[in-house]
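See structure below.
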């Protein structure tokens, strides 16, 4: 822009200088030519400088990023990072869901099993005793057929003492504190072999099934008849 104005002005001045002089001298003509050449040279130089400046400015403008473009780029970067984070969170949540579900199922199953066991034990405890001993009343039904009439024979008292000791025993193993009473009962059995011969044989042959202690335990657990009336 500046170069064009300067060039036009130079040409106008040169023309006016030539037109105002009729019949110019050779020296004047030479001076006018020099002025035109100088003006043209200056105009070309100014144009070249201006073009170079524009080129540099355009390149700088292309390389430089506007604030708006920078903000858009930052927003895009943030959006990508946010999406990636959300995807990772979703993946982590999906991977933990099966584990949480499995753990919850195991806990519920264990709770159901424990409740069922407690109900069964409670039902068993609430039922009347099925053996010679009734834990609800703490009494022993000596007339129970499961005792085989041993409570009424010649060694009935010895049997009752041994059996009662065994039933109420809290020692471990159960009945270990009733050994002496069992010996007394067995001695009584030996005095009456005609009645307690089978029990004596069992006592003298431990390899055979049915020791006295086992029979007492079996009698306690066998099905009992209704309790005798007082």
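Note: Cβ is positioned from N, Cα and C throughout, glycine not excepted.
When Swiss-Prot is compared with the stretches 18-34, 35-51, 52-68, the one noted as transmembrane segment is 35-51. Swiss-Prot assigns the feature motif 'Cx9C motif 1' to residues 155-165, out of the candidate ranges 155-165, 166-176. Residue 146 (disulfide bond) and residue 155 (disulfide bond) have their C-alpha atoms 17 Å apart, to the nearest angstrom.
According to DSSP, residue 155 (disulfide bond) sits in a coil region rather than a helix or strand. Across the structure, residue 178 (disulfide bond) and residue 188 (disulfide bond) are spaced 16 Å apart at their Cα atoms.
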